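I have placed the structure first, in the form of C-alpha cells, so that the comments after it can refer back to it.
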Amino acid sequence: MGQAPSSPAEPNVRDTSLCLWSPEFLDCESIGFEDGDYDFTANLPDDCLAHIFQFLSAGDRKRCSLVSKRWLLVDGQNRHRLSLDAKSEILPFLPCIFNRFDSVTKLALRCDRRSFSLSDEALFIVSIRCSNLIRVKLRGCREITDLGMESFARNCKSLRKLSCGSCTFGAKGINAMLEHCKVLEELSLKRIRGLHELAEPIKLSLSASLRSVFLKELVNGQVFGSLVATRTLKKVKIIRCLGNWDRVFEMNGNGNSSLTEIRLERLQVTDIGLFGISKCSNLETLHIVKTPDCSNLGLASVVERCKLLRKLHIDGWRVKRIGDQGLMSVAKHCLNLQELVLIGVDATYMSLSAIASNCKKLERLALCGSGTIGDAEIGCIAEKCVTLRKFCIKGCLISDVGVQALALGCPKLVKLKVKKCSLVTGEVREWLRERRMTLVVSMDDDETNGVGLVDGGDQRVLETVVEEEAPPVIDGDGGLGVAGGGRLGLAILKTKLGLLAGRNLVACTLRRWSQSEATSSI
C-alpha cells in the first residue's frame, strides 16, 4: 500500500548521548577532569534548571539555593509563591527578601496572635516590590489599618484573589480594594473586627469582576449586602455571621441574579430569606446548614423556582422544621438533582420514594441522623435509584437487610459508606465482597482497625479537612512551610476528632467524591 521497504532503524542521537554519559560509563579522569569537581549542570539553560526545581520540596529548594550563586538566582527568579512570617521584625528585611524573590505573584502574610504583625509601612513596601500580585492572604495582621489597605490596593491593581482573616481594618479598607482592584474575582473575609455598627456600606463599582464572596464570623456583615445583590456574582458562602440576613437576600432583584452557588451555615435566616434566594433562577448548588428558622415553606419556594438545582444539602439540626413536605417539593421540581445530603431530617418512605422515582439523575446521596429511615426506605432507594453511584448512610435504623438491598439494587453503585448504624454487623462485609467485588465499602471498624476502605478503596474518602492552618514560614512553589509544632499538633488532634463528627464526615465525603469525579472526567 505504498509503504517503503523495511530497513534497520537508525540509532537515536538522544539515546546514544544518554548511553555515553550514563554513570556506568562516566569517568571524570578520561575526559580531563581529574579532580571530579566539574559542574554538569553548567550547560543547562536557566529555564530547564528552574523546571527541575519545581519538582523539589520546599526544604530541598532552600538547600539547592545555597549550592551556587547561579542556583540562588534561578531559584529566586522562578518562585511565584511565597509565605512569610509577618511579624513586625520583618520590616528591615523586606527589601532583601524581594530583591531575591522578584517574581512573586502569590503571597501569604501570616502572624500569630502573640506577636505584633507588620504595619502599614511594611505592607506599602510589599505593594511596591510586588506590584504583579494576583493572590494575597493576610492572617493575623492586626496592625494593618484602612490606610494600609488603600495604599496596597493602589499599587496592586492586578489582584484577583484576596483572603483576609483575623485582621482589624474595616469597611474603608475593603472599599479601597474593590475600587482599585478592578479584576478582583474572589473575596474571602474571616473575623474582620473593624466592621462596627456605623461602618459605611460596601460599594462595588460597575466594572467590577467579582465572582465569589466568602464571609465567616463577622459582626455587622450585613454591610456586604450590595455585594450579594450584584449581578456578576456567582458564589456566596456565609458562615456564623451575626445578625438577621433576610434583608440581604431580599435584595437579589427580580430574577436577574447570576448566583449559581449559595451556602448558608449557622445563620439567622428565615423563610423570608429563602423567598429572596428563590429569585436566583440560575442557582445550581444550595447548602442550608443549621439554620433553624428555615422550614418546608421556604425550601419549597426555592425548589419551585430554581429549576437548575443540582446539589442540595440540608442540615435540619434536629429542629424538625424541614421534613416530608419540603422533600416532596424537591422530588417534584428538582428533576436535575445529582447530589442530595440530608442530615437530621426525618424523611419517610413517602418522600424518599418520590425522590428516587423522579430524580433520575441522582448520583450521590447521604442520609444521616434520622430516626425514620430504616430497611424499607433503603430498599426503596435500592430499587428505584438506578443511577446512584455513591451512598453514605450514618446513624440510621438500618440493618444488614438494608445494606444487602443496596448491593442487589443500584447497578451503578461504586462506593458505600455505612457509619454508626448499630444494627449493621460485620458479617455483611463478607457478603458484599462475594456479591459486589468492585464495590468500595467503608464501615465503622475500618477506622478502629486503621484500615482505609474494603477492597483497596480510596483512603482519601476518610480524610477530614481542617479549617485552621498553622502559620507558615518562608516557602516557595513546593508548598507552604509550617511554623510552630504546637499548632501542628492541634491540627492533627482536630483531624482525629473530625473523623468522629458525623456532619464533617459526610461533608468531606461528598467533597472528595465531587473532586474525584471532576478529575476523572478531565
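Each Cβ is built from the backbone N, Cα and C atoms, and glycine gets one as well.
Swiss-Prot lists 38-84 with the feature domain 'F-box'. Summarised as a single figure, the pLDDT of the domain 'F-box' (38-84) averages 84.
Remote same-chain partners of the repeat 'LRR 1' (115-140), defined as residues 6 or more beyond its termini with a Cβ less than 8 Å from a stretch Cβ, comprise 86-88, 90-91, 94-95, 98, 102-109, 147-149, 151-152, 154-156, 158-167, 471. For 115-140, the entry in Swiss-Prot reads repeat 'LRR 1'.
The repeat 'LRR 2' feature in Swiss-Prot is assigned to 141-166.
The annotation repeat 'LRR 3' is assigned in Swiss-Prot to 169-191. Away from its own ends, the repeat 'LRR 3' (169-191) comes close to residues 144-150, 152-154, 156-163, 199-205, 207-218, 223, 227 of its chain (Cβ-Cβ under 8 Å, at least six residues beyond either end).
Distant neighbours of the repeat 'LRR 4' (266-290): 238-246, 248-255, 257-260, 297-299, 301-302, 304-315, 317, 322, 503; these residues of the same chain sit at least 6 beyond its ends, with a Cβ under 8 Å from one of its Cβ atoms. Taken from Swiss-Prot, the feature repeat 'LRR 4' covers 266-290.
Annotation comment: Swiss-Prot describes 291-316 as repeat 'LRR 5'. Taking DSSP states H, G and I as helix and E and B as strand, the repeat 'LRR 5' (291-316) has 10 helix, 5 strand, 11 coil.
Here the repeat 'LRR 6' (319-344) has, by DSSP, the following mix of helix, strand and coil residues: 10 helix, 5 strand, 11 coil. Positions annotated as repeat 'LRR 6' by Swiss-Prot: 319-344.
The repeat 'LRR 7' annotation in Swiss-Prot covers 348-369.
Annotation source Swiss-Prot lists repeat 'LRR 8' at 370-393. Packing against the repeat 'LRR 8' (370-393) from elsewhere in the chain are residues 342, 344-349, 352-353, 356-357, 360-364, 399, 401-403, 405-406, 408-419, 421, 506, 509-510, 513: each is 6 or more residues past its ends and has a CB under 8 Å from a CB in it.
Residues 367-371, 373-375, 378-379, 381-383, 385-389, 427-428, 431-432, 435-436, 438-444, 457, 461, 502, 505, 509, 513 of the same chain sit 6 or more residues outside the repeat 'LRR 9' (395-420) yet have a Cβ under 8 Å from a Cβ within it. Here Swiss-Prot flags 395-420 as repeat 'LRR 9'.
Summarising the annotation, Swiss-Prot assigns repeat 'LRR 10' to 421-447.
Long-range neighbours of the repeat 'LRR 7' (348-369) within the same chain, counting only residues 6 or more positions beyond its ends whose Cβ lies under 8 Å from a Cβ of the stretch, are 318, 323-324, 327-328, 330-332, 334-342, 376-377, 380-381, 383-396, 502-503, 506, 509-510, 513-514.
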